[in-house]
């Protein structure tokens with residue numbers, strides 16, 4: 001039987017899950033919001049970033065990972081908060097929340113400024129180990145998602161697709177979305193060959209994602 005491209009990541013074994021649990025058992029704190037490269041905190045630890053359309057559930061996922069309700073705050077207005085937000089997870093990890101994209105109502109100058117900052121950050125941050133691109137399991141990959149994936153390709157940043165709100169779709173519909181996502185990912189050389197299914201509300205996939213992050217060096 002031929003293996004599917006971009007399989008869904010399996011749940012970690014007990015040892016691997018414990019490594020992830022220990023990492024995220026430490027304190028989580030907001031460090032700063034950055035609007036220019038000069039404001040970046042010291043590149044002194046492993047870093048992962050989270051990208052996704054507005055309302056994809058990015059803040060909820062970060063809060064679920066850290067177990068800290070309200071750590072990352074959502075904005076319902078695309079383009080409203082044009083900052084790269086840094087959070088510490090213990091002494092060894094930065095979680096980086098990139099601004100939600102989807103700019104139908106955002107001024108062009110705001111979009112251009114954010115795109116410039118994002119390109120500089122992705123191409124110039126040596127401690128960035130992986131980007132997680134969040135895709136709503138109800139909708140699949142949209143054109144704006146494909147654009148961020150292209151940017152990650154050109155920046156040579158490995159990215160992994162995380163399907164959010166997986167509990168909101170039935171199995172048959174989820175399989176259709178997975179097929180569409182796999183086809184989209186196949187076009188991107190920087191795509192990591194595994195997909196993570198998550199539900200921040202129910203906690204599904206959180207241990208898996210914690211373990212993945214814990215094993216990045």
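The backbone N, Cα and C atoms fix where each Cβ goes, glycine too.
Per Swiss-Prot, the features are:
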BINDING   52-59, 79-83, 97-100, 164-167, 198-200  GTP binding site
BINDING   59, 81  Mg(2+) binding site
DOMAIN    44-217  domain 'EngB-type G'
Original post:
What is the Cβ neighbour count of residue 83 (GTP binding site) at a 10 Å cut-off, with all protein chains included?
Top reply: 15
Subject >> Spatial separation of residue 59 (Mg(2+) binding site) from residue 83 (GTP binding site) - C-alpha basis, Å >> reply: 14
Original post:
How many whole Å apart are the CA atoms of residue 59 (Mg(2+) binding site) and residue 52 (GTP binding site)?
Top reply: 10
**OP:** Let me know how many other Cβ atoms fall within 10 Å of the Cβ of residue 52 (GTP binding site).
**Re:** 26
Original post:
Which of the listed binding-site residues (55, 59, 198) has the least company, meaning the fewest other Cβ atoms within 10 Å of its Cβ?
Top reply: 55
Subject >> Mean predicted confidence [pLDDT] for the domain 'EngB-type G' (44-217) >> reply: 91
Original post:
If you draw a 10 Å sphere around the Cβ of residue 58 (GTP binding site), how many other Cβ atoms fall inside it, taking every protein chain shown into account?
Top reply: 24
